[in-house]
Amino acid sequence: MEHVIDIPKTRKEYMEEILRLKKEKNAVLLAHYYQEADIQDLADYVGDSLGLSRKAAETDADIIVFAGVHFMAETAKIINPNKKVILPDVNAGCSLADSAQPGPFKEFVDAHPDHIVVTYINCTAEIKAMSDIICTSSNAVDIINSIPKDQKIICAPDRNLGEYLIHQTGRDLLLWDGACMVHEAFAMDKILDLHKEHPKAKFIAHPESTQNILRISAFVGSTEKLLNFVQEDDSEEFIIATEAGILHEMQKRVPHKKLIAAPAKDDNTCACSECHYMKMNTLEKLYACLKNELPEVDVPEDIRKKALVPLERMLDLSK
Ligand code: 13P
Ligand code: SF4
């Protein structure tokens, strides 16, 4: 007898099934702006890291499906120990999170006992558990400014965000040497050539980019702030230095404006400014993940409890 596997066949069928399963299972789909367009369109909420953490803290769904990378799903689990948190591809990691491994990070923190540890949300639960306050690119300046001036600060793991914060706050931050492979890969020569072709375009960038890129930027901000900027600014053209997935939501908000993704160096995996970790989540994997409620993201309870403290500090400071 022929064995028929009942799975969707077209993208439309996948999308319909995802919506049906989401409702049936009382699941909420949270997606980052770097996810592929169809996943963003299916999501109950699309946002930056701060917005996504806030939504994870508010939800009354039974299941959180995180269309993002592993540290984001882990953050949702830290906040919601009693909910099931699932991630379409459990290998969707982050080069920045990988740059801070628990052993060396502990040595670094232990070597500077007079410093408090402000950690960017792009890190593992174990690193969060060794931190005093978490920040995102949306609130990092405010978080640093909320700390008394005479208090020494470690800022980790992104050295580019760290240097940007030193510049913005005038504080002497002790930086960890990590970076995002996508934001490090923007090609200055190609950006300058592109600007010659589009002289009226405003160049805007994410603070994970290198200092030479930030120095030529008309505006620097998190994904959410970049979105707001193109809506509020009078310019009709923009070159945007962050992961190219953001252009989907941006173009929806400003359909009449010309938006160009900043090009990456040729030695980057695709020279297309895409994060291959973010793009590991596909419609097919999202469907399978919701149907089977797998892969599940879990955090050991002792680490979760410690990691929750700096995360709650951040959420309290960002109300
Ligand atoms: P935000 O969306 O918070 O700006 O973060 C960008 C990023 O690189 C997430 O991995
Ligand atoms: Fe990590 Fe960079 Fe990808 Fe964001 S864009 S998930 S920081 S590697």
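Each residue, glycine too, has its Cβ placed from N, Cα and C.
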Task: Going by TrEMBL, S49, Y120, I121, N122, S137, H206, P207, E208, T223 bind iminosuccinate; tell me which of H32, H195, H198 is listed for that site too.
output: H32
- prompt: For the [4Fe-4S] cluster site that TrEMBL assigns to C94, C180, which of C275, C289 is also named?
  reply: C275
Inter-residue Cα distance where the pair is C180 ([4Fe-4S] cluster binding site) and E208 (iminosuccinate binding site), in Å: 7
Statement: Simplified DSSP label at E208 (iminosuccinate binding site) comes out coil
- prompt: binding-site residues Y120, N122, H206: which have a Cα within 10 Å of C94 ([4Fe-4S] cluster binding site)?
  reply: N122
Rounded distance in angstrom between the Cα atoms of N122 (iminosuccinate binding site) and C180 ([4Fe-4S] cluster binding site): 9
Near-site residues: [4Fe-4S] cluster, ref C94, C180, C275, CB cutoff 8 A to centroid: V69, S95, L96, A97, N122, M181, V182, H183, E208, E243, Y277, M278
